[in-house]
Amino acid sequence: MLPNIHLHPNLALSGLISELLVYCSNKKYGCPQIVRQDALHGHVLYCSYAPSVCPNKVLGCPYKGTMRESKDHLQNCVYERFKGYIDSTNKRFEKMESMIADQSREIEKLQRIIRSGKGVTYTLEKGTSEQSLSSLAGSPVVDGAVNGESSSFGGTKRTVVSTFPHDEITCHRTIASHPCGVTSVAINQDRVFAGAHDGSTKVFDINSGQLLKDLKGHTMSVWGLAVMPSGDRYFSAGSDGTIKVWDWRNEDDAACLVKSIPDHNAKVYGLVIDQGRLYSASSDKTVKVWDTETLECLATFQGHTGGVNCLAALTEASAHQLVTGSSDKTIKLWDVTTGTCLKTVRRGTSEVLDVAVGDGMLFGSTYDAVIHVYDINETRELGTLSGHNWEVWQLEYGQGHLFSASFDHTIKRWDPRRFQCDLTLKGHKSFVHGMALDENYLVTGCADRTIKIWR
């Protein structure tokens, strides 16, 4: 450190500099003031010769001048005189733009509905109003009565176009019949199938929430459910490594269990039925193929180096392909006819938790809470969907929308072509383990012991 003796000359010099007289920095705009150096900053802040623009610049006024001149300008400014009119006109334009945007979204929804050709026909009892019908369907009545046009009908058929899943979605019913967390769900017609941590599988009526069947067979959590198209038989699988086959309509509960298949060597995380075949994904790193009638194992797909966490079938009749996601951080596309792996997508440092397919796109959720979107033909990444706070364990795709369920207790709906989340569903009080989607409902199962029916 320098001796204090050297500091005094610097302080003296600093004092002399602060007393120097200088011109205002706005001299070029006409300010004649000469001020001390240490007072220059304060003077400039309030100098009437400082450059200025008209306060109505936001309305379009191009004026530039000094502070003192702007006061005179403001008295004659055309934009000041018409300020109220311009403001009200801008507000009307903003309102019109908002209305146009809303109508564009409605038109887009209706176009999707028209393309899908979905409609629901209701037969109204006498005294049922059109308002009640709209409430029942959750959608507007779009055509006239077959036998009349009044607001109340007797035995009249009315067609209501369902806007699900394009429009607003709310919780239609909550089923709280489980003593433990719900780990998997499936939908078939008007039935909800649910697996739980206690190894049980239950069947509910989707409209009333009534428990129709409560079957116990697994010794540990049930992670996979798949229902035959007829709805009479379903398959369950879980942490005990077995696949169980149930004919649940049998009145004798003890006779409902058709067969228990212990062929996997570890936990079974996923089941899918497609074209008469059952596919099972296991942490033993394999996917097995079963005949749904004979229950014979037809093939075993090997290629993953980590547990297989999820799978999804390409539902097109000519596809004959299956997608799997694994803890080895890859997604594989399989030819189910030959059992060969057609393509492998490597996902870097994150495990793949679930996959979904639809409209030429492949979706994969990873442990880092991101959903990756690929062109399924080229396996080229198109983009990512980010918005969940925790990992995404469930994906379902239908009618142009992707649904994701997360450990952050929420379900999100995405427009994958715009890479945007357009709806977030809240209501569960814990992480969502199971999710299923059909043409009319979204069903979620949660660790909070509830099943929610959304529409």
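Just so it is clear, glycine is given a Cβ too, placed from its N, Cα and C backbone atoms.
Owing to the predicted nature of the structure, the values given are computational and were not obtained by experimental measurement.
Per TrEMBL, the listed range annotated as coiled coil is 86-113 (candidates: 86-113, 142-169, 282-309). Contact check: the repeat 'WD' (175-214) against the repeat 'WD' (385-415) gives fewer than three Cβ pairs closer than 8 Å, residues 6 or more apart, which falls short of the contact criterion. Same-chain residues lying 6+ beyond the ends of the repeat 'WD' (261-300) with a Cβ under 8 Å from its Cβ atoms: 223-229, 233, 235-245, 306-313, 315, 317, 320, 322, 324, 326-327, 334, 336, 339.
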